[in-house]
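For reference, the structure discussed in these notes is given below.
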(Lines of atoms letter the chains of each structure in order from A and count residues from 1; the text may use other names and numbers.)
(Lines give C-alpha, C1' and ligand atoms only; values in the text may rest on other atoms or scores of the structure.)
Protein backbone atom coordinates (compact mmCIF):
# COMPACT_ATOMS: atom_id res chain seq x y z
CA UNK A 1 0.00 0.00 0.00
CA UNK A 2 1.09 3.59 -0.62
CA UNK A 3 0.91 5.27 2.78
CA UNK A 4 0.36 8.84 3.92
CA UNK A 5 3.41 10.79 5.09
CA UNK A 6 4.37 13.38 7.66
CA UNK A 7 7.67 14.69 9.02
CA UNK A 8 9.46 12.54 11.62
CA UNK A 9 9.83 15.39 14.11
CA UNK A 10 9.54 19.13 14.49
CA UNK A 11 11.90 21.30 12.46
CA UNK A 12 12.39 25.05 12.58
CA UNK A 13 14.06 27.72 10.44
CA UNK A 14 14.12 31.49 10.08
CA UNK A 15 14.15 33.72 7.05
CA UNK A 16 12.91 37.00 5.65
CA UNK A 17 9.40 37.75 4.45
CA UNK A 18 9.52 38.64 0.74
CA UNK A 19 6.86 41.33 0.98
CA UNK A 20 7.31 42.61 4.56
CA UNK A 21 11.10 42.41 4.72
CA UNK A 22 10.76 41.24 8.35
CA UNK A 23 12.27 38.19 10.05
CA UNK A 24 9.98 35.14 10.07
CA UNK A 25 10.30 31.93 12.09
CA UNK A 26 8.81 28.85 10.41
CA UNK A 27 8.11 25.64 12.33
CA UNK A 28 6.96 22.39 10.70
CA UNK A 29 5.43 19.74 12.98
CA UNK A 30 4.22 16.16 12.43
CA UNK A 31 0.46 15.64 12.17
CA UNK A 32 -1.81 12.56 12.42
CA UNK A 33 -3.23 10.78 9.38
CA UNK A 34 -5.94 12.63 7.42
CA UNK A 35 -4.99 15.98 8.97
CA UNK A 36 -3.85 17.52 5.70
CA UNK A 37 -1.71 20.66 5.79
CA UNK A 38 -2.71 23.21 8.43
CA UNK A 39 -1.14 26.64 8.89
CA UNK A 40 -1.07 28.52 12.19
CA UNK A 41 -0.25 32.17 12.96
CA UNK A 42 1.52 31.89 16.33
CA UNK A 43 2.18 35.64 16.64
CA UNK A 44 -1.53 36.22 17.33
CA UNK A 45 -3.23 35.64 20.68
CA UNK A 46 -4.92 33.27 20.59
CA UNK A 47 -3.09 31.59 17.70
CA UNK A 48 -5.14 31.42 14.48
CA UNK A 49 -5.32 28.27 12.37
CA UNK A 50 -6.02 28.54 8.64
CA UNK A 51 -6.68 25.32 6.72
CA UNK A 52 -4.83 25.02 3.42
CA UNK A 53 -7.86 24.61 1.18
CA UNK A 54 -8.68 26.18 -2.17
CA UNK A 55 -11.48 28.48 -1.00
CA UNK A 56 -9.18 30.05 1.62
CA UNK A 57 -6.91 31.34 -1.19
CA UNK A 58 -8.26 34.89 -1.39
CA UNK A 59 -5.24 36.86 -2.58
CA UNK A 60 -3.08 36.00 -5.59
CA UNK A 61 -1.20 39.26 -6.30
CA UNK A 62 2.52 38.39 -6.52
CA UNK A 63 2.00 35.28 -4.37
CA UNK A 64 -0.59 32.82 -3.09
CA UNK A 65 -2.14 33.86 0.24
CA UNK A 66 -4.55 32.08 2.55
CA UNK A 67 -6.99 34.50 4.20
CA UNK A 68 -9.67 33.52 6.72
CA UNK A 69 -13.06 35.20 7.24
CA UNK A 70 -11.57 37.61 9.79
CA UNK A 71 -8.92 38.80 7.36
CA UNK A 72 -6.04 36.92 9.00
CA UNK A 73 -3.59 35.92 6.28
CA UNK A 74 -0.57 33.76 5.58
CA UNK A 75 1.08 34.76 2.32
CA UNK A 76 3.68 33.28 -0.03
CA UNK A 77 2.80 29.65 0.68
CA UNK A 78 3.54 28.35 -2.83
CA UNK A 79 7.25 27.41 -2.57
CA UNK A 80 6.80 25.56 0.73
CA UNK A 81 3.73 23.80 -0.68
CA UNK A 82 5.71 22.79 -3.78
CA UNK A 83 8.27 21.14 -1.48
CA UNK A 84 5.52 19.36 0.49
CA UNK A 85 3.91 18.17 -2.74
CA UNK A 86 7.23 17.17 -4.27
CA UNK A 87 8.16 15.00 -1.28
CA UNK A 88 4.66 13.55 -0.95
CA UNK A 89 3.97 14.93 2.53
CA UNK A 90 0.24 14.68 3.28
CA UNK A 91 0.01 15.79 6.90
CA UNK A 92 1.80 18.62 8.71
CA UNK A 93 1.21 21.64 10.93
CA UNK A 94 3.00 24.75 9.66
CA UNK A 95 3.51 27.52 12.23
CA UNK A 96 4.69 31.05 11.39
CA UNK A 97 5.09 34.10 13.62
CA UNK A 98 4.31 36.54 10.80
CA UNK A 99 1.78 37.05 7.99
CA UNK A 100 3.96 35.24 5.42
CA UNK A 101 6.16 32.21 4.87
CA UNK A 102 9.87 33.18 4.63
CA UNK A 103 11.11 33.50 1.05
CA UNK A 104 14.47 31.76 1.77
CA UNK A 105 16.39 31.77 -1.56
CA UNK A 106 13.28 32.25 -3.72
CA UNK A 107 12.96 28.56 -4.61
CA UNK A 108 11.64 25.38 -2.95
CA UNK A 109 15.12 23.95 -2.41
CA UNK A 110 15.66 25.18 1.20
CA UNK A 111 12.30 23.68 2.21
CA UNK A 112 13.18 20.37 0.51
CA UNK A 113 16.49 20.34 2.41
CA UNK A 114 14.71 21.15 5.69
CA UNK A 115 12.15 18.38 5.25
CA UNK A 116 14.71 15.80 4.13
CA UNK A 117 17.07 16.69 6.99
CA UNK A 118 14.46 15.98 9.65
CA UNK A 119 13.18 12.88 7.86
CA UNK A 120 9.88 11.76 6.38
CA UNK A 121 7.69 9.24 8.17
CA UNK A 122 5.24 6.91 6.50
CA UNK A 123 1.98 6.58 8.42
CA UNK A 124 -0.55 3.80 8.87
CA UNK A 125 -3.30 5.02 6.51
CA UNK A 126 -3.52 4.84 2.73
CA UNK A 127 -2.40 7.89 0.76
CA UNK A 128 -5.23 9.50 -1.18
CA UNK A 129 -4.89 10.89 -4.68
CA UNK A 130 -7.21 13.00 -6.83
CA UNK A 131 -7.58 11.14 -10.12
CA UNK A 132 -8.78 13.35 -12.98
CA UNK A 133 -11.45 11.56 -15.05
CA UNK A 134 -12.66 14.42 -17.31
CA UNK A 135 -10.94 17.57 -18.61
CA UNK A 136 -11.34 20.77 -16.57
CA UNK A 137 -10.25 24.07 -18.13
CA UNK A 138 -10.18 27.73 -17.09
CA UNK A 139 -9.27 30.73 -19.24
CA UNK A 140 -8.45 34.41 -18.81
CA UNK A 141 -7.89 36.17 -22.14
CA UNK A 142 -5.08 34.30 -23.88
CA UNK A 143 -4.04 32.59 -20.63
CA UNK A 144 -5.40 29.15 -19.80
CA UNK A 145 -4.90 26.14 -17.53
CA UNK A 146 -6.30 22.64 -17.83
CA UNK A 147 -6.33 19.30 -16.02
CA UNK A 148 -6.81 16.17 -18.13
CA UNK A 149 -6.86 12.42 -17.45
CA UNK A 150 -3.40 10.84 -17.44
CA UNK A 151 -1.90 7.75 -15.78
CA UNK A 152 0.75 9.69 -13.84
CA UNK A 153 1.28 13.37 -13.20
CA UNK A 154 2.57 15.26 -16.20
CA UNK A 155 3.12 19.00 -16.62
CA UNK A 156 3.00 20.68 -20.04
CA UNK A 157 3.72 24.35 -19.38
CA UNK A 158 4.54 27.34 -21.57
CA UNK A 159 5.36 30.96 -20.75
CA UNK A 160 5.61 33.91 -23.13
CA UNK A 161 7.64 36.87 -21.85
CA UNK A 162 8.65 39.68 -24.18
CA UNK A 163 12.14 40.00 -22.72
CA UNK A 164 15.36 39.19 -24.59
CA UNK A 165 16.90 37.07 -21.81
CA UNK A 166 13.74 35.03 -21.25
CA UNK A 167 13.06 34.76 -24.98
CA UNK A 168 16.51 33.20 -25.40
CA UNK A 169 15.68 30.54 -22.83
CA UNK A 170 13.39 27.56 -23.28
CA UNK A 171 9.86 28.81 -22.58
CA UNK A 172 8.04 25.47 -22.92
CA UNK A 173 8.59 22.33 -20.85
CA UNK A 174 6.96 18.92 -20.54
CA UNK A 175 7.87 16.72 -17.59
CA UNK A 176 6.59 13.54 -15.96
CA UNK A 177 6.56 14.05 -12.23
CA UNK A 178 8.56 12.09 -9.68
CA UNK A 179 10.16 13.22 -6.42
CA UNK A 180 13.62 12.83 -7.91
CA UNK A 181 12.71 14.82 -11.03
CA UNK A 182 11.16 17.57 -8.90
CA UNK A 183 14.19 17.85 -6.61
CA UNK A 184 16.74 17.73 -9.44
CA UNK A 185 15.00 19.68 -12.19
CA UNK A 186 12.48 22.04 -10.57
CA UNK A 187 13.03 22.70 -6.86
CA UNK A 188 16.04 25.05 -7.26
CA UNK A 189 14.32 27.40 -9.75
CA UNK A 190 13.98 30.85 -8.19
CA UNK A 191 11.27 33.46 -8.45
CA UNK A 192 12.12 36.27 -10.85
CA UNK A 193 11.25 39.93 -11.23
CA UNK A 194 12.02 43.05 -13.21
CA UNK A 195 13.83 46.17 -12.03
CA UNK A 196 11.14 48.30 -13.71
CA UNK A 197 8.51 46.87 -11.33
CA UNK A 198 10.41 47.26 -8.07
CA UNK A 199 9.59 50.93 -7.46
CA UNK A 200 5.86 50.26 -7.93
CA UNK A 201 5.95 47.15 -5.72
CA UNK A 202 7.74 48.90 -2.88
CA UNK A 203 5.39 51.88 -3.08
CA UNK A 204 2.62 49.34 -2.45
CA UNK A 205 4.51 47.68 0.44
CA UNK A 206 5.34 44.63 -1.65
CA UNK A 207 8.73 42.95 -2.23
CA UNK A 208 10.32 44.89 0.65
CA UNK A 209 12.43 41.81 1.42
CA UNK A 210 13.26 41.06 -2.21
CA UNK A 211 16.90 41.03 -3.31
CA UNK A 212 19.30 39.12 -5.53
CA UNK A 213 19.70 36.76 -2.58
CA UNK A 214 16.16 35.47 -3.11
CA UNK A 215 15.20 36.25 -6.70
CA UNK A 216 16.46 36.41 -10.26
CA UNK A 217 16.43 40.12 -11.12
CA UNK A 218 16.31 41.36 -14.72
CA UNK A 219 16.74 44.81 -16.22
CA UNK A 220 15.51 45.57 -19.75
CA UNK A 221 18.11 43.31 -21.35
CA UNK A 222 19.73 40.79 -19.02
CA UNK A 223 19.94 38.96 -15.70
CA UNK A 224 21.62 41.16 -13.08
CA UNK A 225 22.54 38.43 -10.57
CA UNK A 226 26.33 38.02 -10.60
CA UNK A 227 26.08 34.21 -10.57
CA UNK A 228 23.50 34.11 -13.37
CA UNK A 229 20.90 31.36 -13.64
CA UNK A 230 20.73 27.96 -11.93
CA UNK A 231 19.10 26.37 -14.97
CA UNK A 232 19.12 27.62 -18.56
CA UNK A 233 15.31 27.40 -18.43
CA UNK A 234 14.94 28.65 -14.84
CA UNK A 235 12.05 30.97 -15.73
CA UNK A 236 9.61 28.33 -16.99
CA UNK A 237 10.79 25.92 -14.29
CA UNK A 238 9.94 28.41 -11.56
CA UNK A 239 6.45 28.86 -13.00
CA UNK A 240 6.06 25.06 -12.87
CA UNK A 241 7.28 25.12 -9.25
CA UNK A 242 4.64 27.74 -8.41
CA UNK A 243 1.98 25.60 -10.07
CA UNK A 244 3.01 22.52 -8.03
CA UNK A 245 2.49 24.54 -4.87
CA UNK A 246 -0.72 26.20 -6.00
CA UNK A 247 -2.30 22.88 -7.02
CA UNK A 248 -1.52 21.28 -3.65
CA UNK A 249 -4.29 23.28 -1.95
CA UNK A 250 -6.56 20.74 -3.67
CA UNK A 251 -5.66 18.60 -0.64
CA UNK A 252 -4.01 15.64 -2.36
CA UNK A 253 -1.54 14.80 -5.10
CA UNK A 254 -3.15 14.82 -8.53
CA UNK A 255 -3.16 11.93 -10.98
CA UNK A 256 -3.58 13.68 -14.31
CA UNK A 257 -1.94 16.06 -16.75
CA UNK A 258 -1.64 19.77 -15.98
CA UNK A 259 -1.39 21.86 -19.15
CA UNK A 260 -0.98 25.63 -18.98
CA UNK A 261 -0.11 28.70 -21.01
CA UNK A 262 0.97 31.91 -19.24
CA UNK A 263 -0.84 30.91 -16.07
CA UNK A 264 -0.07 32.33 -12.63
CA UNK A 265 -1.30 32.07 -9.05
CA UNK A 266 -4.81 33.39 -9.79
CA UNK A 267 -5.57 31.06 -12.69
CA UNK A 268 -3.96 28.10 -10.90
CA UNK A 269 -6.35 28.62 -8.00
CA UNK A 270 -9.32 29.09 -10.32
CA UNK A 271 -8.47 25.73 -11.87
CA UNK A 272 -8.39 23.98 -8.48
CA UNK A 273 -11.72 25.55 -7.52
CA UNK A 274 -13.26 24.59 -10.88
CA UNK A 275 -12.02 21.02 -10.47
CA UNK A 276 -13.41 20.65 -6.94
CA UNK A 277 -16.76 22.09 -8.09
CA UNK A 278 -16.98 19.67 -11.03
CA UNK A 279 -17.33 16.55 -8.92
CA UNK A 280 -17.93 14.21 -11.86
CA UNK A 281 -14.49 15.11 -13.27
CA UNK A 282 -12.40 13.42 -10.56
CA UNK A 283 -12.37 10.72 -7.91
CA UNK A 284 -10.37 9.94 -4.77
CA UNK A 285 -8.21 6.84 -5.19
CA UNK A 286 -5.57 4.89 -3.24
CA UNK A 287 -3.12 2.22 -4.37
CA UNK A 288 -2.53 -1.15 -2.73
CA UNK A 289 0.82 -1.77 -4.44
CA UNK A 290 3.61 0.71 -5.01
CA UNK A 291 4.05 -0.68 -8.53
CA UNK A 292 0.45 0.35 -9.29
CA UNK A 293 0.95 3.96 -8.20
CA UNK A 294 1.18 6.22 -11.24
CA UNK A 295 2.96 9.03 -9.37
CA UNK A 296 6.49 8.22 -8.23
CA UNK A 297 7.45 9.52 -4.79
CA UNK A 298 10.90 8.54 -3.55
CA UNK A 299 10.65 6.08 -0.66
CA UNK A 300 11.88 7.87 2.47
CA UNK A 301 15.18 6.54 3.77
CA UNK A 302 14.66 4.43 6.88
CA UNK A 303 10.90 4.96 6.73
CA UNK A 304 9.02 3.92 9.84
CA UNK A 305 5.30 3.56 10.40
CA UNK A 306 3.27 5.64 12.80
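Glycine is treated like the rest: Cβ placed from N, Cα and C.
If you draw a 10 Å sphere around the CB of residue 79 (Zn(2+) binding site), it holds 32 other CB atoms from the protein chains shown. The Zn(2+) binding site feature in Swiss-Prot is assigned to 79, 238, 242; the stated evidence is sequence analysis.
Of all Cβ atoms in the protein chains displayed, 21 besides its own lie within 10 Å of the Cβ of residue 265 (active site, proton donor). Residues or ranges marked as active site, proton donor by Swiss-Prot on the basis of sequence analysis: 265.
Looking only at the binding-site residues 79, 238, 242, the one with its C-alpha closest to residue 265 (active site, proton donor) is 242.
Listed in sequence order, the residues 78, 82, 106, 107, 108, 189, 190, 191, 239, 240, 241, 244, 245 complete the 8 Å Cβ shell around the Zn(2+) site centroid, once 79, 238, 242 themselves are left out.
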